[in-house]
Each structure stands twice: as structure tokens, then as C-alpha cells.
Amino acid sequence: MNQEVMNLFNPQAPAQVFDSIRISLASPEKILSWSFGEIKKPETINYRTFKPERDGLFCARIFGPIKDYECLCGKYKRMKYKGVICEKCGVEVTLSRVRRERMGHIELAAPVAHIWFLKSLPSRIGTLLDMTLKDIERVLYFENYIVTEPGLTALKEHQLLSEEEYMIAVDEYGEDSFTAMIGAEAIHDLLAGMDLEKIAGDLRSELASTTSELKQKKYLKRLKVVENFMESGNRPEWMIMKVVPVIPPDLRPLVPLDGGRFATSDLNDLYRRVINRNNRLKRLIELRAPGIIVRNEKRMLQEAVDALFDNGRRGRVITGANKRPLKSLSDMLKGKQGRFRQNLLGKRVDYSGRSVIVTGPELKLHQCGLPKKMALELFKPFIYARLDAKGYSSTVKQAKKLVEKERPEVWDILDEVIREHPVLLNRAPTLHRLGIQAFEPILIEGKAIQLHPLVCTAFNADFDGDQMAVHVPLSLEAQLEARVLMMSTNNILHPASGAPIIVPSQDMVLGLYYLSIVNQNEPGEGMVFADMGELQHALETKAVTLHAKIKGRFRTVDAEGKVVSKIHDTTPGRMIIGELLPKNVNVPYETANQEMTKKNISKMIDTVYRHCGQKETVIFCDRIMALGFAHACRAGISFGKDDMLIPDSKIKLVSDTEALAKEYEQQYNDGLITQGEKYNKVVDAWAKCSEKVADEMMARIKAVEFEDNGRQKPMNSIYMMSHSGARGSPTQMRQLAGMRGLMAKPSGEIIETPIISNFKEGLTVLEYFNSTHGARKGLADTALKTANSGYLTRRLVDVAQDCIVNSVDCGTDKGLTMQPIVDAGQVVASVGQRVLGRTALDDINHPVTGDLLVKAGTLMDERDVEQIEKAGVQSVRIRSALTCEVRVGVCAVCYGRDLARGTPVNQGEAVGVIAAQSIGEPGTQLTMRTFHMGGTAQVVDSSFLEASYEGKVEIRNRNVVRNSDGQQMVMGRNMAVLILDEAGKERATHRVTYGSRIFVDDGDKVKRGQRIAEWDPYTRPILTEIEGRVAFEDLVDGISVQETADESTGITKREVIDWRSTPRGNDLKPAIVVQDAKGKVGKLSKGGDARFLLSVEAILSVEPGAQVRPGDVLARIPMESAKTKDITGGLPRVAELFEARRPKDHAIIAEIDGTIRFGRDYKNKRRIIIEPHDSTLEPVEYLIPKGKPFHLQDGDVIEKGDYILDGNPAPHDILAIKGVEALASYLVNEIQEVYRLQGVSINDKHIEVIVRQMLQKVEITTQGDSTYIPGDHVDVIELEEVNERLIEDGKKPAEGQPVLLGITKASLQTPSFISAASFQETTRVLTEAAVAGKTDMLQGLKENVIVGRLIPAGTGGTMSQIRRIATSRDELIIDERRKASGVEVAEPMLADMTTAAQ
């Protein structure tokens, strides 16, 4: 009943139900249909009465009353006159809320162009009329006339005429023989007279006939715009406005301030200018003013409307009274403070509070301590309701008083209300979903929120003054979700890697580590204990210490659940930890019977979670935390200055290195080495010294010492802290007790003089000064890093937000191949680690016995992975989000395991957002530096190869010859040495470069660490592969070759110099030729001549006439790259990969298999042609800058995908040449490498999800019978649908190839214009969408948040599914009725968000 009465007084309009939103151009009629009246005056309100002026910008007659149900003059008041229009003031009696909804309009005296369609590049008006923007502006702003109808004169259509030319033309041809116009009317008439269909037809035929690429591009661009207009039903002349809509007054309010001044929205100023100029123009036209004055006024009107829509887009910015630019309609939408990001995506919530956090070690994992005062305020509505229900108060007012007085019954009720009502805790910045979790509140005294220590890692919180916010979920559904999905006990695993995130840290680790230490010769060593009771007794009486070696009986259960006991060698401390382990057959005592470093504790928790489930894990974690704290306190581990031991050998090491540095200095002064080499050598020497000192220090701190009675001395406490993983790292210890070592300048260069002292000894003034560089740079970096990392996360979320698990299985037979990642012979990630939690694509068989290990379609868990590792499987095909064939989102089987739960992923999981968070969250830990590799600050690529395993050698693509010195030389460009174990399984693969000396052969046995090959790291050799005599060609002294004597050694070397710099040398082609016995040029095995072209700086190694054998070195080319190499690392590298940018010196990749031929060179580029083996293909040519080190010879055979020029490959090339799978593995490995360096583990599948989003588009190559144009970027899904329809109709389908888009570009090209507009470049996105009349189907998360609905993921996904089913049923019912009655039933109206300005 109450509700009905309320509804009568405050009628709620039913919310519009809609499934999609369309945006298009508004016609003048449409604008008039929205409007409630014309605004004729620029006045706003009367300064004395504060009432709105009639016909002004706030007019009550047009926009509605100011007070609810009361007209302006006060004649009609109250509800009973609802809907009456007052005859005196003309105001309708209704709710004042309509002032937020009713629009007005301004009739313009002259048409004006809409600036968005004029200036937003590419200009839509310009493209349609096929005129340049400059020309159109000349017409619009009244500089030139434009010929609209040339008649029979010599003028051309669309020709521009200046004032003079126009006059001359009128004199010459007479006024009626042609039509030329000026201003927006001219453009309007031209647009109105366009026959779009004819233009489209003409353009298509032009396209078919033209061959020039430039023209093609131009026609394509124009055709696209023309087709957009045709398809959307927009008319071109609507881009010129005759009526300007005025937004409702309450959206541009005028607020009185104290002191009789007003604060107003800038829009009012902008509208006032438009109205003033419009009225003045009307008056001038009525007065028949001279044309020049009218024109000037029209131009000013155009500028005023431009400023209203987009201030500052053209001409100077219009500023207000305080010299601040006025905020136009476009500015209202744009940027972080615009409507989209400020109000639609970021809303403030009520029922929240924030306070400082303190630690609450006695809490359970699912609890948090909430200050009473805070709880009382947050739960007020619930308390009022309970007070009412219990009869303590009858009105809200009474309840309020009771609460304010804080009566005892209020506290009792607060306890009741809070019971089992979870609250959400959030710590900013919320970088991933674990930044908001639900807890059950426990009321506490004081004013600080208590937080459970174990969840600190997830929140990245510490107790040095951090604050957290509390939010109260109000509705029952919200409470349910908080409890079931967000409770801290449900978030045990990290969504990024699947590793436990509820892991003890710091003090707790220290306590557990202390408990698990084993010491020699402790009291009670060798005792045997039957159970924990005995042990406790012995510990109390000090008969045994925590660290003594003892035997103890430990009880656990077997597979049937029966108790079994076994005696273990252990210590009392470890028995205490073991006692806490859940009793389970898969959690053996060994899990606790080891040194409790942070890593081992994490593994232990992981084991417990996998085998015992969530509840047991939570209880176990709580107990282990309490144990850790207790023993950290009892251990009394402290940090003293004397714990830092400086190694005695430091002085000697430092003096040795100083002597070395002096020697290098001397060598430099004698001219034996260059300054760069000296710098590198000195830096190298100091780096080695610093390493050695650190090693000595660690050895000394680690050393086990004994007292006189033979008992082991307590362990060094600093070592304990560092080794256990509680706090500190070896690098920090090195700075405290070793030597600080080398420092970098802000530019990234390393300062030659190191800091020899450590912090214990204290730094000298100079050393201190040098060390401040690095510290200052570190702070500056940190600030930049945070912003950059946040921006990366935002782009990632934006590109991946609509990737949701939508179906169970797409049934694809595509997938990725997973192999171990090997870095410098070390396996960094094994196959097992990579396939855990993924679905097998094919059956996985044992490589030796052929037994089936895992069936295809199995989600591989720890047990399967263990089998795969045991069997030594080296490559596994798995399903991946990248190759999933679901139309929208991904399917559960391709995605695999939900890492945060350890179970198959649920439908409706927003995997895109989780992927974005997992990659973005560790962003702040990555470095910002680009590493400058000065010379050999680190030794240039190693110069030898050692076997990383024992085994048998197998050589792939073997091409080895024995040279004159009897050494085996590698002649193959892609030769690889494999090391196999006994079972013949491949353990390691090493590429061996051309020109290396190799020491092993097929079938040899090698030991670990044995040399396999070596090469000169600083030069690349040119080898001969035939026997013969050497002859020189075009090697002319002083022009193309010169002898230089080394000053220090006096040895001369002959070096090729740049021969093109002299006029005589222009046509030379310096080369070394190997001749056969008859003195003719020898032939190579592949058929080319034995002529070896030399590049600049090549050093000759042979004399003319010398006899050579295969494998001998003819010349050496110094490697440029050894000098300096910038390595982009850290965050910039990740961003570069996700943005799919071409690296600066990118590699050139061969597109086809073929033979290399050298073409005619250009001035500073080399032309290289690949002649394909397959005669049906065309040869491909590449241009390579001459200075680049280039190692291929004429006649070399090259395979598709080989590098012609070394460097970082551009991802686009990999996609085009090697395909999607190669691209995926490249991106995944490169991105993982950056994170691995920082010790961050992220699962591959997250990167795959993002890459999937980057590959959503296809570039049309052949159009078939579709309406697409070659070069169009189309969604994969859309192309498939169109092709299906074409094939059904028996037509030719369109073809396309996948394109890789960077994440920013991909976000802007999403099918949803709302999502794109709220990301970046709002104006451009909306302009494009309006011209094309785009419809947003509201599929992603972002669009739904913006229009204020539940997101179609998680629990909201079910709702949207139900809504979809309901809609389809409605349509069925309507159809049925239609058929039954034979009458057309009106379609339910879709909400039409046709916007004019936006």
C-alpha cells in the first residue's frame, strides 16, 4: 500500500528495455521532434527574482517548472493540477525532474557545418565531395565561391573562385548562365544533390580499372564513406546543421553562490554566443545589410557553433572571463574527467569507510577486525530496521536517537546485524582481483581495521600506515557473492600463476626456518621419541633442544584411512611442524622434514591444497602462521653489526684488481689498446673482483663453527634471514659486508671507479657522491614506472574485456605445440610446467614404449604432468585460447584450468580481464631501463659451446670440412648439435654458427662441460669450400684496400675501405676469387662462381696466389654489433611487444625457400634477390643498408623463415611468413623472458588470451562476390558469417589473411563503439560510428557497465542468457499472433540513441 502511495507522488518511469544502442546523424526534423520549444533569447535568469527568463536558456515554459508541481507565477500549485498548462506563464505543472530530460533548439538563420564531420580526420565532408579540407574551409569561412552548376560556361563543377574571379565570371557569362555559391549553404546544396548509388558504382568501376596504388587508396577511402552513408540511412546534407539542439538546463546548471555571484556551466556561455550571433544575423538579413557584413556575421556564427561542439578544434580557443578555455560538448565526453571515464565507468559508492590497518594475528583467515564506531555507521539502516522489529523504536527518528546515544541495546543489535554479514576490504591501488576481498567482520575497540597477516601479499599491504576501504554489500545476492566468490578463504591461489598466494612471509618464515634448522652435537642428539607427548616433555625439561638430530615416530593415514606410523630421522622442531600437517596419504612427513625456506613452505601449502582441499588448507595456514610468529619471538634472532663479516681476503683482491687497472691504464697510454677497450677491461676487472669478494663473504657467513665442547655455534642471523627468504637478499648483504661495487651514471653508463668500501666500513666522500647517482635515478624511475605500468594495464584490460568463457567445447583440432624453454643450455621451463592445467589436443604417448600416457581432451593435472616428465616427452600439442574457434569469447576446454581455483574454468569467467590483470599487476616490478651494452661490460656472446648434459652427439644438417691446419670447420648455415641420452631422447639442441671450429662428430660420447665448438666472437669469417689458388678482383691499393700497421705490435693488416668515396672506385666490386688448376674461376657445389664479395672493413687473411683448402678463412668481417647494443628491457619491452611495434633495427626474414642472388646495388643499399626453388613463384627482393653486417654469400640456399639480416624480428613478419603458431610462441617467449628476469611467474595462457584479441581482424585480400574492398580490416567472425551466406547463394567467398594489431589499435577497432569511445580518441570514434550508423550489441563488459546493466560475465552472464531466451520467446509469440490474425504487429521498439552532437 505504502509503495502505491509513493508511486502516486513520485511516479517512476519504467526503465527502457533495450538490447542494443544505435548512433547516427540526426536530421533537422529529428532535432525538432526532440525539442520542446525554440530558444530565442540569450538571457538566463532574472538577476533580481532569480526566475528564468521567458524564451531564454533556462525558460520554464520550454523546459518545465523549477519546483515540483508548481508553475512559475505560482497560480497553480500541488498535485491536483498535474498536467495543466498555466495560461499566464505557459508552464506545465509537473515534476521539476523534466528539466533534466527536455531539450530545446535554436533555429539558425544560416546553415553551419558540424565541426566533427568537417575537421575530424579524415574529413567526412571532404571525402564525400572529393575536395581537400582546405578548399572546403575556404568556402565555409567565406573566402571563395564554389561553382555548383557550371551551365554551358567554361567553368568546372566544384571549381573555387575568389571574389574577383567571381565578378569577372559574372561579367563574362552573365549572372544566370552559371551558379556559384559561398558558405555552408553551398556545401549543403552540393551534399544534398549527391546521388550516392551512382557515385558508389562509378568508384567501383574506377577501382577495377586503375593500377596506381595511390588512386586505389583514395577511391577505397571515398567508397567506404559513401557506402557507410548508404547502409546507415544517413543523408550527407545532415552534416550541415540548420537547427542546433540545446541540452536540458539541469545538465548545464546555473548555481547561485553566496555573495550574489553565480557559478555556471561553460556550455551556457557557448550557447549564449550562438544565440547572440544568430539573432544579430537575423536582424542584419531583415535590414538587408551589405553582403560583406552578413557574410562576416555568418562566419562568426559558424565559429560559435564550432566552439559549442568542439572548442579549440579550429581557430583559437574561446576562453571565459578567467582566461580558461571553455569546456565544449566534446570536452564533456573526453579524457579522464569526461563523462565516460569519470561518471559512467567510475562511480562513487555509499556505505563505505576507510581507516588505517594494523595486524591482527589472532584472527582467522576469513575474519577482519572492524572498529565498533565504523560498524555502527556502516550498518545503520540494518540497525534501524532491527530496532523497529524488536520494538525498541517506532519511528526512524527514535531509532536515530537511540543510535546516537549509543545505548547498550544498540550494541547487542549491532552484534546480531554483523553476524555472517561479510564486508569487502579494498586497498588501493587495486591491481588485480585479489585487491578486493570479503571478510567477516569482528567488532573491535580502537579506530584501526585489523587485517589478517596472510592476506597482506594479495593486497600488497604492509602496516606502515597503509589505509584500506571497507564496503558493505547490501542486497542478499551481493552478500551471497561476497561469501561464495570473494571470501579470502576462496582466494588461496594466485590467478596469474596458480601458485599459493596465502603464504607466510617475513617473521613467520623466520620462525618456521628457525624451527627446522638441524645442528650438530646438540643436547639430546640420537634420542628416540614415540609421540609428541614425550617430545614436549623432553623439550620442557631441556633434555633435548629444537635442533637436535633425533628419531621420532610420526603418525599419518594410508589410502584406506587407517592410521600408520613410521620412524623418521628428524628434529623436534620439524616434528612440531609435521604435527600440523593434515592427515592424508598424499601429504607425507617429508613435506615438513626439510629446511623451511619460503619456497619450501609455499610448496608445502600447494601440496596440502591439491590433496586435502580448501578447508584443510585454510586451517593449516592459520596454524602454521601462529607457529611461525611464536617461534620467531622465542628464537630471539637479532641483527647486530658484528653479524656482518667482512672477508679477510678482500684487501688482497682489491689491491690485485687495482694493479690490473693500473696496467690497463699503462697499456692505453702506450697506445696498445683504445680508450673503449681500456674502459671495458677495467669495468670487467672490477665486476669480477666484486663478485669474488661477495662469494668470500657468503662463504664466511655460511660457515659452520663449533664451540670448544663440540657443540655447533648458532647460525649467523643475517644469513638466516636472507636464506630463509624472510628479508634481505645476497646483493644487499654484499653491500653491507662485501664491497658496493660499480655504480651507474644516470645515463646508464658504468662509472669506472668502483665503490670499494661497504656500508659497515663506511663510504668516503667521493664514493658517497658516486653512489648518490644511482639512488636518485632509482627514485625518479619508480615514479615513472607506476604511471607507465598503470597505462599498460588499462590498455590490456580494454583490449581483453570482452573475452569471456562462453561455451564448453568448440571442438577445434587446432592447437599449439609446447616444448621446454631452454636458455643458454639450461631448461628454464619444462614441458610439464608449461602444460599443467591445459587440455591435451592429441593422445600423448611414451616416447620409448609407446604406451598411452594422456588421452586427447584430458585436462592435465599434476599427476599427468608427473608422468609426462618421467617419460621425458619433449613436445606436447595442447588446446589454446589462441586457436579456439568459438565466435565470441573462448571455450572452457581451450582455456583449461582456472588457475585461481585449480578446477576446470567455469562458464561466464571473465578470462580476458584476469589475463590483463595478471600481466599488468607485476608491471611495477619490472625495470624501466634500456640497457646500453657498452663494448664488453658483459662479455660479448660467449665464444665457445659446452655440453650441458652427458650423452651422445647427433649432428643435424651436417656440413663440416677439414682445413689446412687439420681443424674441423663448420660450413653449414643451419647446423645443429643435438645431445641425446641413453634412450635416444633429445636433451639439448645447440645451433652452431658458420665458421666455427667443431671438436665432436656424429656418434661421439660427451661429458658434461666438454667443449663442443668454439668461434671468434668479434669477427665473422668467409670460408672457401673448394680447393684452389687465390686471386684478387678489384682490390686496388688506396682505393678499395689499404694496409694499416698496428702501432703497438707493428703487424700490418689489409683492410677493405669504402671504395665508393672516390670517383675512380665507383664501379668496383672488390672480391676474392678461388681459381682451379686451369686458372679459371672455380665453381661452388651449388653452381655459383667461387667469387666472394667483400664488404667495407673486411680484413683479408690470404695473399694472392696462395693455395687454399676447403674450410680455410679468406677474410674476416668485424662484427659491428659487438660494439654497442641497446637492449630494450623491462616494461618498455613488454609494451613494445603488445603494441606490435616494429623494432628499430628489425630482422629481415626470408619469405620463400630459394637461392640468394645479389642484384644491382643502390647508392647506400644492397639489393638481394631470392630466386625461389618453386618456379611458379616470383623472385622476392630485399634492400639492405650497406653498413649492416651481412653474412650471406651469392648462391647460398636459404629457407623460408631464415633471417637475411639479424636483429629482433617484427611480429607482423613472423605472422605473415611463419603463421599464427610461430607468432604466438615468439610473443609468449619474449614476454615471459622479461618477467622471468624479475622472478615473476605468469601462466602462458594469459598472454595467449591477449594475443588472441590482437588477432581478431582479417585483412581482405580478394573480395569475391562480397561488398568488401581489398585492404578492409574485418572481424574474423563477421567474415565467416558473410562467407557462409555467399557460399549458400552459390557465390564466391571473400578471402583474407590475419593481421596483427597492437593492443591500442585493437581496442579502438572493437565492434562496440561505446567501449572504443570510452578508451581513447572519443571524438574520432563517435564521428566514425555516427556516419556508419553503427549499432552496439552490448556484448562486452565495458558497454554494459556504461549503460548501467549487469555485466555479461559471472552471475550477470546467467541473467543476460535468460534475457536472450526471453527475447527470442517474445518474438516467437509475436510471430504466432501475427500468423493467427494475419495482421502485422508492431515490433517492440528498440531504444534509439540517435544523437546529434555526440
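Please read every residue number as a count from 1 along the shown chain.
Backbone N, Cα and C define each Cβ position, glycine as well.
Among the candidates CYS803, CYS884, the residue that Swiss-Prot annotates alongside CYS810, CYS891, CYS894 as binding Zn(2+) 2 is CYS884. Separation of the C-alpha atoms of ASP462 (Mg(2+) binding site) and CYS891 (Zn(2+) 2 binding site): 39 Å, rounded to the nearest whole number. The 10 Å shell around the Cβ of CYS884 (Zn(2+) 2 binding site) contains 26 further Cβ atoms across the protein chains shown. When the CA atoms are compared, no binding-site residues among the candidates CYS86, CYS89, ASP464, ASP466 lie within 10 A of CYS884 (Zn(2+) 2 binding site).
Look at CYS894 (Zn(2+) 2 binding site): DSSP puts it in a helix. DSSP classifies CYS89 (Zn(2+) 1 binding site) as coil under the three-state reduction.
The binding-site residues under consideration are ASP462, ASP464, ASP466. Their Cβ neighbour counts within 10 Å are lowest for ASP464.
Same-chain residues at least 6 positions away in sequence with a Cβ under 8 Å from that of CYS891 (Zn(2+) 2 binding site) are, in sequence order, VAL805, ASN806, SER807, VAL808, ASP809, CYS810, CYS884. Counting other Cβ atoms within 10 Å of each Cβ, the lowest count among the binding-site residues CYS73, CYS86, CYS810, CYS894 belongs to CYS73. Most other Cβ atoms within 10 A: among the binding-site residues CYS71, CYS89, that distinction falls to CYS71. Comparing the Cα of CYS73 (Zn(2+) 1 binding site) with the Cα of every entry in ASP464, ASP466, CYS894, these being the binding-site residues, the smallest distance points to ASP466.
Residues CYS71, CYS73, CYS86, CYS89 make up the record's Zn(2+) 1 site, and a Cβ search at 8 Å around their centroid adds ALA60, LEU72, GLY74, LYS75, TYR76, GLU87, LYS88, GLY90, VAL91 from the same chain.
Of all the binding-site residues listed here (ASP464, ASP466, CYS894), ASP466 has the Cα closest to the Cα of CYS71 (Zn(2+) 1 binding site). Cα of CYS894 (Zn(2+) 2 binding site) to Cα of ASP466 (Mg(2+) binding site): a distance of 41 Å.
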